[in-house]
Amino acid sequence: MIQALLVIICLAVFPHQGSSIILESGNVNDYEVVYPQKVPALLKGGVQNPQPETKYEDTMRYEFQVNGEPVVLHLERNKGLFSEDYTETHYAPDGREITTSPPVQDHCYYHGYIQNEADSSAVISACDGLKGHFEHQGETYFIEPLKISNSEAHAIYKDENVENEDETPEICGVTETTWESDESIEKTSQFTNTPEQDRYLQDKKYIEFYVIVDNRMYRYYNNDKPAIKIRVYEMINAVNTKFRPLKIHIALIGLEIWSNKDKFEVKPAASVTLKSFGEWRETVLLPRKRNDNAQLLTGIDFNGNTVGRAYIGSLCKTNESVAIVQDYNRRISLVASTITHELGHNLGIHHDKASCICIPGPCIMLKKRTAPAFQFSSCSIREYREYLLRDRPQCILNKPLSTDIVSPPICGNYFVEVGEECDCGSPQACQSACCNAATCQFKGAETECRVAKDDCDLPELCTGQSAECPTDSLQRNGHPCQNNQSYCYNGTCPTLTNQCITLLGPHFTVSPKGCFDLNMRGDDGSFCRMEDGTKIPCAAKDVKCGRLYCTEKNTMSCLIPPNPDGIMAEPGTKCGDGMVCSKGQCVDVQTAY
């Protein structure tokens, strides 16, 4: 009876293979659900690394599965994402300029790679779960959290599985009227560089990058400055890694949001707006904030299919080291590709021809694109080197340094000056839990700075040596929670019932045990875990650690939550007295962690 009912419900939930879900990046028609598990960092001798006095760690590792195979994602914080004299500017309704220097070095933006894969790379935001992309076995995968409360579930998908908002290719507005012939390029490449030229090419380059968000884009995101800042940070973190093969480091030196009105008329004609922006940078921006290059992110719809425009070979020029980019798609990877493309033009790189290739494609400097781009072609790298030797731009040779502050100390101006231990702004604006905004001194040790939010969390106390609240501490894994209904696991209290409720709604609960016995079959519909691409049936004691079954309250059914591969019981879920799920098996809680 149960098996027959299961078939009927599966047909209702999966009318065709490939379920669809709306994620932050758009509508995804095929995806895999994974549960990334953080791997504790160990010092020599197997002792766990002590928690740093920062909100985010410098290095992290996460383990999860891709196509049923385990992978380990190594992450390292992009410490050079922000210049040390990074500032943020917005405008009051009356037009007053408001510039601050917020503490941004303890951020959550990472680069990384997949363990044991030499050519892999990753760009990840770890602010709230894992969001970004990584390369695995020659293919690019995107990852982002599923919006399920108290769950570590993430979706992994490929670009081809995202339904495009618009199938029309994005186009760069740069017109190619001065291309050299293939023959002349070949002749140029045959010259032998002098030792001085080789040294110049090998020197690491630094671009202090300034981003302006226009008023249309500000209003499009409902005047939400924090959301806009996160979007820009994620974009520049992605841009940064694209320029690594060119030995260029992109450091964000400033972010400006035109929150009251545009500072010049932003027009649909991209060439006109680019010219106006270059003049504004030269006459207004540079006198008050140094930068090597500035880009305008705009909410305007440029004429035709144009989404960006830039000057070619113009870096370090006061009125031409600029580009404009339309924020045309909710997917950060697409807009970041356009930012990279236009900056490539500033660095002397033209559009790729049909003979230019890169792996994986598409190439960054293609004139038309419908997918994110991650690599410069060999043609682009050659043109960049030729531009460097021809123009010798000097502004990109200086490593970003902090600006000395010599003015009298003022508590509340965001600058840590002589006699101050911290400065988080005014008492009304301060967001630093362990800095006394009135005195600009650290709060005393044992001052509670973060309360425990539930059974599986612990309160945090200031150290007296830092303005930041220590890293969020969690109750140990295996600690009883929710009146012994389950055990803590990585800060959550996972139960089968709560998993059904979050996936299907408050009118659902966990199915009776008879449904879970189906997991002993090990077929496409019911299993415990994957090993080498094979679905392994559950042992009798493990059935509640395999595929999840739910039912409407006051009914007896075996409903599978919607997902192409089903939803599995979350790691750490209670499967018996003193027992928890771990890798598809029901094990003793005392030995599970």
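Cβ atoms here come from the backbone N, Cα and C positions, even for glycine.
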Problem - Whichever of CYS424, CYS430, CYS434, CYS488 is disulfide-bonded to CYS456 when Swiss-Prot is consulted - result: CYS488
Fill in the blank from the handout: From ASN319, ASN484, the annotation N-linked glycosylation site in Swiss-Prot is attached to ASN319
Practice task
Taking Swiss-Prot at its word that GLU208, CYS395, ASN398 bind Ca(2+) 1, choose the one of ASP128, ASP292, ASP472 listed for that site.
Solution key: ASP292
Exercise for the section: Please pick, from HIS249, HIS351, the residue that Swiss-Prot records in the Zn(2+) site together with HIS341, HIS345. Expected result: HIS351
Practice task
According to Swiss-Prot, CYS422 takes part in a disulfide bond; indicate which of CYS434, CYS435, CYS449 is its partner.
Solution key: CYS435
Exercise for the section: Consult Swiss-Prot and report which candidate among CYS440, CYS449, CYS493 shares a disulfide bond with CYS469. Expected result: CYS449
Practice task
For the disulfide involving CYS493, grab the partner from CYS481, CYS515 as Swiss-Prot records it.
Solution key: CYS481
Fill in the blank from the handout: Spatial neighbours of CYS424 (disulfide bond) among the recorded positions GLU208, CYS316, CYS435, CYS469, SER473, using Cα within 10 Å, are CYS435
Problem - Those binding-site residues listed as ASN398, SER473, and which of them has the most Cβ atoms within 10 Å of its own Cβ - result: SER473
Handout entry: CYS481 (disulfide bond): secondary structure state under DSSP, collapsed to three categories
Key = strand
Problem - Distance from CYS395 (Ca(2+) 1 binding site) back to CYS481 (disulfide bond), taken between C-alpha atoms, in Å - result: 57
Fill in the blank from the handout: For CYS316 (disulfide bond), the three-state DSSP class is coil
Handout entry: Sparsest-packed among the disulfide-bonded residues, when each Cβ's other Cβ atoms within 10 Å are tallied, from CYS356, CYS379, CYS488, CYS528
Key = CYS356
